[in-house]
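Chemist: Okay, these came from TrEMBL:
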type     : residues  : note
TRANSMEM : B:24-42   : transmembrane segment
TRANSMEM : B:83-102  : transmembrane segment
TRANSMEM : B:123-146 : transmembrane segment
TRANSMEM : B:166-188 : transmembrane segment
TRANSMEM : B:195-213 : transmembrane segment
TRANSMEM : B:240-260 : transmembrane segment
TRANSMEM : B:299-318 : transmembrane segment
TRANSMEM : B:346-365 : transmembrane segment
TRANSMEM : B:392-417 : transmembrane segment
TRANSMEM : B:437-456 : transmembrane segment
TRANSMEM : B:463-483 : transmembrane segment
TRANSMEM : B:503-526 : transmembrane segment
Amino acid sequence: MSLLKVTNLTKKFGKFTALDGVNLELNAGEVLGFIGPNGAGKSTTIRVLLGILKATDGEVKIFSKDAWQDAVDIHKRVAYVPGDVNLWPNLTGGEVIDLFIKLNGAANKAKREELIDKFDLDPSKKCRTYSKGNRQKVALVAAFSSDADLFILDEPTSGLDPLMEKVFQECVMDVKKQGKSVLLSSHILSEVEKLCDRVSIIRQGKIIESGTLSELRHLTRTQMLVDTKLPITGLNELKGIHDIQESKHGMTFQVDTTQMDDVIKHISSFGIIRLESAPPTLEDLFMRHYEGEKDTGGVR
Amino acid sequence: MAGNHLAKTAFLSKFIFRLDRLRIPLWVLSLTFFTIIVPSSFKGLYSSQQERDAMAQTMANPAMTAMTGPADLSNYTIGVMTAHQMLLMTAAVTGLMSILLVTRHTRADEEDGRLELLRSLPVGRLSYLNASLFTVSAACIGLALINGFGLYALGIESMDLEGSLLYGAALGASGLFFAGVTAVFAQASDSSRGTIGYSIAVLLISYLFRAITDISNESLSWLSPLAWVTKAEVYDSNNWWPIVLMIAAAMVLFAAANYLNAIRDLDRGFLPSRPGKQYASRFLQSPIGLALRLQRTGIISWAIGMFVLGASYGSVLGDLESFFSDNEAMKQLLKPTEGVTLVEQFIPMLMIVISLMATIPPVMAMNKLRGEEKKERIVYLLSRAVSRSKLLGSYFVISVINGFLMLSLAALGLWSAGDAVVEGGLSFGMIFGAALSYYPAMLVMISMAVFLIGFLPKFTGFIWLYVLYSFIVLYLGGLFQFSDWIGSLSPFGHVPQAPIEEFSIIPLLLLCLAAGVLAAAGFIGFHRRDIE
């Protein structure tokens, strides 16, 4: 069942088109990665989802309700964490957490204490004294203590240290286990890779790629390192081989995932000593899309 | 070694001057403007010694002494009059200037991490503190000289060169003294809010302590540094010693600040910062509770301010007759009517000023919502189960109650002080009624702010122009003799001027209706628009 469905969403600010026909879908119990470069429209999309900006065109449904019209109803089951957390300087972290939890509706006191402890946050300090990471922890503790069904997280870990990022990842896994859904906008691709079932990539207000990680990988290349008894010949003639380089450990090259079978058959005839392969990272994917679009001259 | 601690101080001083190249001249020029304009207008208003003696009589009551300090009322020349009525207030404002400027370049820069960046460069440990003190000292010295020579240049007989220079020096010395106080608190407190708070507390306590002791025991008031300004008896006996004492005290404070700075770590203070609450109180956990909490300090300070404003107007009511008997300008400002006492005639004019002043805090309370929006903090509320109506409604309710409170407190202050000094007493009902008749007009202003927030959020600040327009047109309207329609463009122009005019409820009801329509439109607009 789709919890969140965005169909053909367009948002214009005056003449500037920030979002141009965006489609998104998030099912129950799923974690959707939402990635894209700065200014691509991630935060604008999220603000439309939250009913803070009004869509110029298109349909945005959350829990089968309209994101603008029924914002308050929807928000009873939504927890949101912004990337840039700007808190009231003269309230303490604990006060802000309680306020947020209360405004969300259902509160879970035990969970609050547990999370404050896990995130190693001092709730008795004024927000003015918190660093960026600590302010983010306040928002994260409030979000994960709430009893929401949908978590909308907009670059929530940009200020956290690796240890705290791990705590964050555990929190996401936890809510996923409970059958809740997460929309995770992020720059940290390893995080998206680890947590997300599906990924949507946005660029200049348009979704340019959408699918499960394996689906997206299918479109990409695998990095290979091969050392053989006899020198490999005829690699160049094979289809789907790129970027061949010789090193003292052997040959490295990239293979289109679809041509893998032919390539392995070919090189195995030279007597394999060592074979290493690395799956394409999301980063490769990401870079290919952005760089590819940037220099459309076709260097690749 | 000392040279090392102060390395690049001169360079940093220039740097701070550059940063504040508008701020400092603006402070100095506006303080000078008010200093210069007053004796010139006194000269026009009270040209004869007889008129000045009448004024002196008005001033001869404890309430006025508490406000402006003592003076030789038997020798009430223009010079003495200026020093008596202006010097203490201006000195307090100069103190405020120093507090804000010094905090900006000590604890505030430290708190925001800018000092850390500077300290990583080859500058001395104490350089930035001293550069900041040097800059403010230069501003104070400049202020002293410009005011001193400026007052002398007016060429008023009773304002000789020595007195004028002493007047300027008193201002400059107050600035230096409070720069010293702030520099010490910038070391003691670990936040810029704390630094400003403690320093202003010292300023207020000095003022209040002086007010109390000036009435009860004048020699005790030597304990308050602000009292030293009045002890100089400018344009009278021209006593330089209190000012020398003030400068010496400032130097001691400068040295103390340097010492404290040298023995502490960056980002630390000496006063313990209390740990805050771990949990939010039940009260805080709602949009309206949060809005109130954010405005708490502001509301309390304005409430005190409005009461004091009312009380200070009330305290002059007793001597109105002597005050106005020979004053042509004031007679024009008031519209003389048969069969009403002078006090009753004066009340409507006071009420316009009071109600317009009382409009400022509720409008600020309303615009606070827009401020929160600009800081992207209302997103936290709207992304939770809080509707836009509830959010806007919370601020609106606070603003409406705030306005009522401010108006009532000012009326209460006016009545309690006036009742004590007016022969035969004042009717509380009359004062309170006159004040409350302005409440509908105030509601229109608040609703106008709601309307702007809803429909034209980028122009929220325009409401202040409307408030200013109302003030100019209605307060000075009598003097400039504007035509009626200019006044009727402001909601305050439609209020019947009780007790001199016939009271009528209809314009008030219409004002309430206008307020209702504007507010409703604002709510609709806020519902429809994008949030920043």
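The backbone N, Cα and C atoms fix where each Cβ goes, glycine too.
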Chemist: Per the 3+ Cβ pairs under 8 Å rule, pairs at least 6 apart in sequence, do the transmembrane segment (B:299-318) and the transmembrane segment (B:24-42) touch?
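Modeler: Contact between the transmembrane segment (B:24-42) and the transmembrane segment (B:299-318): absent, because fewer than 3 Cβ pairs are under 8 Å.
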Chemist: Would you confirm whether the transmembrane segment (B:346-365) and the transmembrane segment (B:166-188) meet the contact rule of 3 or more C-beta pairs below 8 angstroms, pairs 6 or more apart in sequence?
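Modeler: No; fewer than 3 Cβ pairs under 8 Å.
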Chemist: For the transmembrane segment (B:166-188), which partner among B:123-146, B:240-260, B:392-417, B:503-526 gives the most CB pairs under 8 Å?
Modeler: B:240-260
Chemist: Between B:123-146, B:195-213, B:392-417, B:437-456, B:503-526, who has the most Cβ pairs under 8 Å to the transmembrane segment (B:240-260)?
Modeler: B:123-146
Chemist: Which one of these stretches, B:195-213, B:392-417, B:503-526, has the most C-beta pairs shorter than 8 Å to the transmembrane segment (B:83-102)?
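Modeler: It is B:195-213, which has the most Cβ pairs under 8 Å.
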Chemist: Given a Cβ distance threshold of under 8 angstroms, which distant residues of the chain, six or more beyond its ends, lie next to the transmembrane segment (B:195-213)?
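Modeler: Distant contacts of the transmembrane segment (B:195-213): 66-67, 69, 92, 95-96, 99-100, 103, 106-108, 178, 181-182, 185-186, 188-189, 220-221, 223-227, 230, 271.
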Chemist: Which bits of the chain, at least 6 residues beyond where the transmembrane segment (B:503-526) starts or stops, bring a Cβ under 8 A of a Cβ in it?
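Modeler: Cβ under 8 Å, 6 or more out: 388-389, 392-393, 396, 433, 437, 440-441, 443-444, 446-448, 450-455, 491, 494-496.
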